[in-house]
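These features come from TrEMBL:
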DOMAIN    4-119  domain 'Semialdehyde dehydrogenase NAD-binding'
BINDING   THR11, GLY12, ASN13, VAL14, ARG39, SER40, SER160, GLY161, PRO182, ASN315  NADP(+) binding site
BINDING   ARG99  phosphate binding site
ACT_SITE  CYS130  active site, acyl-thioester intermediate
BINDING   GLN157, ARG235  substrate binding site
ACT_SITE  HIS242  active site, proton acceptor
Amino acid sequence: MGFKVAVVGATGNVGREMLNILEERGFPVDEVVALASRRSLGTEVSFGDKTLKVKVLDTYDFSDTDICIMSAGGNISKEWSPKIGKQGCVVIDNSSAFRYDQDVPLIVPEVNPDAISGFTKKNIIANPNCSTAQLVVALKPLHDAATIKRIVVATYQSVSGAGKEGMDELFTQTRAVFVADPVEAKKFTKRIAFNVIPHIDVFMEDGSTKEEWKMVAETKKMLDPKIKLSATCVRVPVFIGHSEAVNIEFDKPITADEARDILREAPGCLVIDKREDGGYATPLDSAGEDATYISRIREDQTVDNGLSMWIVSDNLRKGAALNAVQIAELLVERGLISPKKKAA
Ligand SMILES: NC(=O)c1ccc[n+]([C@@H]2O[C@H](COP(=O)([O-])OP(=O)(O)OC[C@H]3O[C@@H](n4cnc5c(N)ncnc54)[C@H](OP(=O)(O)O)[C@@H]3O)[C@@H](O)[C@H]2O)c1
């Protein structure tokens, strides 16, 4: 018997990718239910060669659903995830609503799979922010080898990280520039077409943004609370794929060659690092792929035991949907969930 899985936010960027990945990876489902807001009632979404009619979250009964993958934003998750969890359905939540809750595990399966057992307190498991997911996949094996003390990271985040409205805005503005129409900024704070914006999410009291704070808090929760991290998060006019320029200071010596060898063997990582034209990964290369790509690995001579590198991944896949499905797979592999009896 397979599982009954609900995808909330099934009409969104991440939700559609969720449906693709559940199907691609052959997750053992008996039934998949696509849920969204009232606006989408009856809309059709694809699941493999099937078409699913979207149902409304507000009126859906979760009592015979085994797993709910939530991807409809923080406010919806805050309201719904605890109620769904109480109905005995395990929630894998893509929003930031529960990531910092001590009773909710925050999981990247390549990094901290054992922490998943803590999900039973609330029946909720959190998926990290897209920029943090790819960062910790690449840094975990290096931390195990040489103990990371401090990270300085600048991100180059694609517009799909801001949902389908973000993608529409880049498309519309780019077109408007070419045909000399007025350019309107609605989703982003300034024009994103042919520009970059050093501001993602709201400002915090210390001058950092919430997106930057999330990278600090989530890296500490998943990798090591002793790691210091300074982030600058930037939105760039790329449709899919987040990139990161990362400087890492280690406690123990580690050479670029050693790091390359470690990363070549590491789960979820793909090293593309030739010191020649095009010998590195770009966001376009990562779009539609599962791997976290690591390029430009080199020693940083300005600190003791320092390395610099470039990390790229598809934010809708490893940054969201793929990681969520991997969490569901981990629940099954570890025997932490079994299908509920369904009404005949
Ligand atoms: N994009 C990324 O890279 C990324 C990475 C990690 C995490 N996330 C998180 O994933 C979530 C979704 O992101 P996205 O990029 O897929 O956004 P999106 O493209 O804007 O899609 C939002 C989805 O939420 C649904 N929704 C909105 N209000 C709802 C309601 N009241 N009840 C039920 N469903 C509702 C929408 O349904 P309608 O079509 O009916 O409005 C749509 O399916 C967010 O929490 C985001 O922070 C995104």
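Using the three backbone atoms N, Cα and C, a Cβ is placed for every residue, glycine included.
Any TrEMBL annotation is an automated prediction that lacks curation.
Note that this is a predicted model, so its numbers are computed, not measured.
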HIS242 (active site, proton acceptor) CB neighbourhood, other CB atoms within 10 A: 29
For ARG39 (NADP(+) binding site), the three-state class that DSSP assigns: helix
Listed recorded positions with Cβ under 6 Å from ligand 1, out of ASN13, ARG99, GLN157, ARG235, HIS242: ASN13
Largest inter-residue Cα distance among THR11, GLY12, ASN13, VAL14, ARG39, SER40, SER160, GLY161, PRO182, ASN315 [record-listed NADP(+) binders, Å]: 30
Listed in sequence order, residues with CB under 8 A of GLN157 (substrate binding site) and six or more positions away: CYS130, SER131, ILE200, GLU211, CYS233, VAL234, ARG235, VAL236, HIS242, SER243, ASN315
Three-state secondary structure, which DSSP defines for GLN157 (substrate binding site): strand
Averaged pLDDT, computed only over the residues in the domain 'Semialdehyde dehydrogenase NAD-binding' (4-119): 97
Binding-site residues: ARG39, ARG99, ARG235 - member with fewest neighbouring CB atoms within 10 Å: ARG39
